[in-house]
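Here the structure is laid out as structure tokens; the discussion comes afterwards.
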Amino acid sequence: MSDAVKLWTGEFYNEGVSGHSGLFDKLNEECGVFGVFGHPDASSLCYYGLHALQHRGQESAGICTADPDHFQYYRGMGLAKEVFNSETLGPLTGSSAIAHVRYSTAGESKLANAQPLVFKYREGDLAIATNGNLDNANIIKRNLEKQGSIFQTTSDTEVLAHLIARSKHDDIVDAVKDALQQVVGGFAFLILTRDKLIAALDPNGLRPFVIGRLGSAYLFASETCAFDAVGGTYYRDMKPGELLVLDRDGLHEDRFTEGGQRAICAMEYIYFARPDSDIDTINIHSARKRMGKRLATEAFVDADVVTGVPDSSISAAIGFAEQTGIPYELGLIKNRYTGRTFIQPSQELREQGVKMKLSAVRKVVEGKRVVMIDDSIVRGTTSLRIVNLLREAGATEVHVRISSPPFMNPCYYGIDTPSRKELIAAMHSLEEIRKAINADSLHFLSREGLLESIGEGSTGKQSGYCTACFDNSYPTEIVDVTKIGCACD
Ligand code: SF4
């Protein structure tokens, strides 16, 4: 038993479904995008695609549809199923569409920033949906404002729209290329006009972005799980620096820049993406299982049960259990129906420890030495709460194993992260963190172990992952250090 057992503090109440109420200390997904070209039910496909991508953002949802005679959109706050019904989806006719689910920090959650953002451009209507972050957006914005531009939102996406509108090129594809050449960051863009759908991925391929097919129609999505949801099939991943244009003549493959060093976000494999998605043909669940197996070889501990923090750590926990022969058990259960609530518990209920989001299974952990697998430690507050949950349920020892290296640096490519001084691993030694989270032992997966675990399933055609939040090695120049987080905000 560790020397400083901290008892449950009673703070673990009323957490929003997306977990960014401030009480649940996890990283937050950026956004999800979905696009369709050449299908009569484009808006319905978007609706189901957004459902599948809902884990990437729960603050707002929107769909914009187009054909040569129509251009219409609907956006609202909340989950896709709350925003869309037959009344709001019905008018969205047209055979091409782009759609978006958005994550935002609570204070900036407003409809004006919901995407797709829709603009009047000199050549007609234009809608943009983004996943990611433009690191130099603030700098471009200040310059444009000096030249008289007026911004209606606080979204980076509007910066791209201004750059497109101000381009010297009349042709929309040339104007988009011109705009993309001026921005720095990690981004996946879908741009819709009445007759074209344009898709573009940043020069390092930081954000996941895949192309699918459904009959003769083309699909685009942040993750392949969205293709499964609509009966589509995976075609290929977008390439770094690529720009694809779909119009009545079909697919045109182009680039807006020569690709830089490929650097897919490693955290997508560790935590963000859904286990049934593949990124660059590597299945997420399988990669996480390999991380758990590798963690077991790097930091074995004798114990009675292995459990994973739901949902994202379960695959790694299964891998750890398989490798060690220690049985995997459901020691922690997540309440899936928490939703948003504004009711604060009374002091009496607080003292009784009303826990809305996560519970330990007493019959599983009581009297047992438990290995608790989690995917990351951010500030450390969540880990402390979960370790204490297990102890309160009777675990005699709690050994924490993390299926990623210590998270020490902020992300500038679309993941909402705290500043460096709030990251426990940036400020404290391993032993200090162990004590702070009240664990009997603590180990993180090595960077090499992580990369080998991800890459094992790769076809070998490509390699290169962003691991900047672990090793401070950013694949792009960081232009604006104040610009942390998501382009949607
Ligand atoms: S810094 Fe971390 S979270 Fe951000 S893109 Fe790189 S690996 Fe992903």
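Glycine is treated like the rest: Cβ placed from N, Cα and C.
Model, not experiment: these values are computed from the prediction.
Feature annotation from TrEMBL assigns active site, nucleophile to CYS31. Of all the Cβ atoms in the protein chains shown, 29 others lie within 10 Å of the Cβ of CYS31 (active site, nucleophile).
Summarising the annotation, TrEMBL assigns [4Fe-4S] cluster binding site to CYS265, CYS411, CYS466, CYS469. Mapped onto three states, the DSSP output places CYS411 ([4Fe-4S] cluster binding site) in coil. Summarising the environment of CYS411 ([4Fe-4S] cluster binding site), the number of other Cβ atoms within 10 Å of its Cβ, over all protein chains shown, is 23.
According to DSSP, SER312 (Mg(2+) binding site) sits in a coil region rather than a helix or strand. Per TrEMBL, the feature Mg(2+) binding site maps to SER312, ASP374, ASP375.
The feature domain 'Glutamine amidotransferase type-2' is assigned by TrEMBL to 31-249.
If you count neighbouring Cβ atoms within 10 Å for each of the binding-site residues ASP374, ASP375, the highest count belongs to ASP375.
Sequence-distant neighbours of SER312 (Mg(2+) binding site): residues of the same chain at least 6 apart with a C-beta under 8 Å from its C-beta are ILE270, TYR271, ARG288, ASP375. Checked against ligand 1, the binding-site residues CYS265, ASP375, CYS469 give CYS265, CYS469 as the ones with a Cβ under 6 Å from it, listed in sequence order. Within 10 Å of the C-beta of CYS466 ([4Fe-4S] cluster binding site) there are 26 other C-beta atoms, taking all protein chains into account. ASP375 (Mg(2+) binding site) carries neither a helix nor a strand DSSP state and counts as coil. Rounded to a whole number, the distance between the Cα atoms of ASP374 (Mg(2+) binding site) and CYS411 ([4Fe-4S] cluster binding site) is 20 Å. Closest by Cα distance to CYS31 (active site, nucleophile), from the binding-site residues CYS265, ASP374, CYS466, CYS469, is CYS265.
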